[in-house]
């Protein structure tokens with residue numbers, strides 16, 4: 001049976017609507033009928049066919065890894081799922097036999113493959129994943145929100161890596177993940193949450209999500225903002241989401257002694273770092289990859305159930321046949337999350 005899917009067909013800019021064979025299920029898998037997908041920054045990299053994509057993405061391949069759908073098939077060894085369950089899923093498929101997997105640190109598996117990155121993705125009418133990777137969506141959480149659980153998980157993992165209660169938090173990079181991380185920090189009890197960027201549309205989005213200050217570093221100095229807020233000692237926690245060298249070095253300059261930094265943004269390989277700031281301030285820097293399985297997923301659902309409102313981050317919806325308009329919107333930088341509807 002042929003199904004519709006968005007694929008990377010050629011090693012050049014673009015993504016194409018194609019027909020592919022319906023995926024087949026193994027004993028430990030589930031088959032998901034896709035309802036909604038969201039476009040990730042990674043999908044934009046793949047669309048643009050940048051240096052990272054050229055090294056990473058096999059062609060041709062169905063792409064996409066942010067989704068919600070309904071279980072329509074269950075492998076014979078699978079327990080705990082029923083036909084009709086609403087699910088999203090962890091996009092990192094892990095090996096199960098390395099030291100970290102066997103030690104319960106699955107997100108650090110050295111043999112990880114990625115849905116829509118180096119194995120068949122979710123921009124399709126149907127997706128097969130190991131049942132281990134599926135996450136049931138609690139009642140009361142909308143399909144729209146469930147479809148962005150993957151990037152929301154990046155935000156939660158980054159934000160909750162350090163204690164935030166009563167702390168002053170600096171977030172560099174107001175993309176969707178940075179904005180969601182800011183909302184999480186506020187929700188769990190941080191004092192001042194300051195986010196920086198140069199994109200005024202996204203800074204406005206961050207203001208809607210409740211940050212203390214959204215700072216356009218083209219027109220405003222971070223030091224002046226800290227002074228306005230009565231901060232005399234620097235930020236306690238930094239969340240670096242941009243991969244921008246000047247943003248990271250500005251973060252180092254403005255951290256308090258003993259401050260802690262989570263790094264999610266991917267910098268250029270030749271980024272210069274003022275290590276004196278790190279050493280003499282006694283800073284702790286932690287690299288963040290993916291989501292903790294499945295602690296981050298439980299936290300994500302619980303945060304929404306306890307009143308965290310992420311709805312402003314979803315700014316655009318398109319029918320799947322209008323996928324090109326969705327990608328154009330994401331590439332423009334004038335959007336939050338963009339959702340493609342498959343039904």
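Every residue gets a Cβ built from N, Cα and C, even glycine.
These numbers come from a predicted model, not from an experiment.
Annotation comment: Swiss-Prot describes 42, 45 as active site, charge relay system. Marked as Zn(2+) 1 binding site by Swiss-Prot: 40, 65, 66. Residues or ranges marked as Zn(2+) 2 binding site by Swiss-Prot: 95, 98, 101, 109. The annotation NAD(+) binding site is assigned in Swiss-Prot to 177, 197, 202, 264, 265, 266, 288, 289.
Sequence-distant neighbours of residue 101 (Zn(2+) 2 binding site) (same chain, 6+ apart, CB under 8 A from its CB) are 94, 95, 109. Residue 98 (Zn(2+) 2 binding site) sits 19 Å from residue 288 (NAD(+) binding site), taking the Cα positions as reference. Comparing Cα positions, residue 65 (Zn(2+) 1 binding site) lies closest to 42 out of the recorded positions 42, 45, 202, 264, 289. When the neighbouring Cβ atoms lying within 10 Å are counted for each of the binding-site residues (40, 95, 98, 177, 264), the highest count belongs to 177. Counting in whole angstrom, residue 42 (active site, charge relay system) lies 19 from residue 197 (NAD(+) binding site) by their C-alpha atoms. Same-chain residues at least 6 positions away in sequence with a Cβ under 8 Å from that of residue 266 (NAD(+) binding site) are, in sequence order, 243. Each of the recorded positions 45, 65, 202 was scored by how many other Cβ atoms lie within 10 Å of its Cβ, and the smallest score goes to 45. Listed in chain order, the residues near the Zn(2+) 2 site other than 95, 98, 101, 109 are 94, 96, 97, 99, 100, 102, 106, 110, 111, 112, each with its Cβ within 8 Å of the site Cβ centroid. Note on proximity: among 40, 45, 66, the recorded positions of the record, the Cα nearest residue 177 (NAD(+) binding site) is that of 40. Shown are the recorded positions 42, 109, 197, 288, 289; the one with the most C-beta atoms within 10 angstroms of its own C-beta is 197. Candidate binding-site residues: 66, 265. Fewest other C-beta atoms within 10 angstroms, 265. Summary of the Zn(2+) 1 site environment: with the site residues 40, 65, 66 set aside, the chain residues having Cβ atoms within 8 Å of the Cβ mean position are 37, 38, 39, 42, 43, 64, 67, 91, 116, 122, 150, 151.
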